[in-house]
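Quick look at what TrEMBL lists:
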type: COMPBIAS; residues: 373-383; note: compositional bias 'Basic and acidic residues'
type: REGION; residues: 363-383; note: region 'Disordered'
type: TRANSMEM; residues: 48-70; note: transmembrane segment
type: TRANSMEM; residues: 90-108; note: transmembrane segment
type: TRANSMEM; residues: 115-136; note: transmembrane segment
type: TRANSMEM; residues: 214-239; note: transmembrane segment
type: TRANSMEM; residues: 273-292; note: transmembrane segment
type: TRANSMEM; residues: 304-327; note: transmembrane segment
type: TRANSMEM; residues: 333-351; note: transmembrane segment
Amino acid sequence: MADVDQGSTFSSESASPALDSLNANVSNGTDSTNATVAKFVSTPEGTALAYGSLVFMALLPIFFGALRSVSCAKSKNSSDMPETITSRDAARFPIIASCTLFGLYIFFKIFSQEYINLLLSMYFFVLGILALSHTISPFMNKIFPANFPNKQYQLLFTQGSGENKEEIVNYEFDTKDLVCLCFSSVVGVWYVLKKHWIANNLFGLAFALNGVELLHLNNVSTGCILLGGLFVYDVFWVFGTNVMVTVAKSFEAPIKLVFPQDLLEKGLEASNFAMLGLGDIVIPGIFIALLLRFDVSLKKNTRTYFYTSFFAYIFGLGLTIFVMHTFKHAQPALLYLVPACIGFPVVVALLKGELTEMFRYEESSPLPEVASNEEKETEKKEK
């Protein structure tokens, strides 16, 4: 369904390094990195299953990542604190992403593709284990029995001594976290050895959910700047040059979700993949998560803007698929996702007379206060 535009590294200001400018062209090519029209003619059932599965998988990290982002900002654990993207970061991001993309293009032209991808595999192996462990931790905590012997640990690394002692690393974890880490390591080894599409998707979903949860836009204007800039970036590098396609053909990393169109014929060993790049999930996803936090700040017990933008994302993704099949050509998904995800909530805000309030909303202290009030109301109901 989508061909990965490119896999690069987030700037330090934008946090999670696995989720930079991972935008996607919608494509149904036989080659997992081919942006051209497919030679393989899949069955209608196989195509529907692949596209439906990709859409479903794309919605999971957006929905759950947005919910987790609401409580993320008030976390006392420094490793779970969100990275805030300002308007300045958003304006520079397409330029940094373009430079990174072109840099990767030069690297693949000069150096051996085999050695570069070996380094990338090790890099994403470590990141994938950490991301997947963080993702499944809340779910695993509900599975463990109450009498599970859960011991606390602390990894402390300091510099100096006495009054001049300075903490470099101070990470607290428990036995349950170690179990999650072991499970994630098994998936990581599976991915490195086999490059299986299921292992790829587990890492991809983890990256996407962590991105939506931990990357916070400080206001709606910043979101519009970021999405608008990447809209231009995506269209230019897809339609204007062959740089993105060249990098996509050379880049091997879990920076996309894939699903085989020939699954019904070949089972788990299927190899004709439809794809969706993580950037087409994370970039709109952090904007949708912002609108959910805006809904919470209104204290109206409604999620109007969240559901509006969520369904706008589904509409945009569906439109991308429709255009691809109509014109038989790979499409940059952000070309359709950005207008939908911005336009639908803005129209709703105009109809409700809350447009000014929406654009004045700032990601600051009110949200944790609102969240804590909701928790107090929940506790009262439970009592």
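Glycine too: its Cβ is placed from the backbone N, Cα and C atoms.
Just so you know, TrEMBL annotations are computer predictions that nobody has curated.
In this chain, the transmembrane segment (273-292) lies in contact with the transmembrane segment (333-351); the count of Cβ pairs under 8 Å, excluding pairs fewer than 6 apart in sequence, is at least 3.
Using the rule of three or more Cβ pairs under 8 Å, pairs at least 6 apart in sequence, the transmembrane segment (304-327) is in contact with the transmembrane segment (48-70). Counting only same-chain residues 6+ beyond the ends of the transmembrane segment (48-70), those with a CB under 8 A from a CB of the stretch are 1-2, 28, 42, 82, 138, 201, 205, 208-214, 216, 257, 259-261, 263-264, 273-276, 280-282, 284-285, 288-289, 292-293, 296, 306, 310, 313-314, 317-318, 321, 367, 371.
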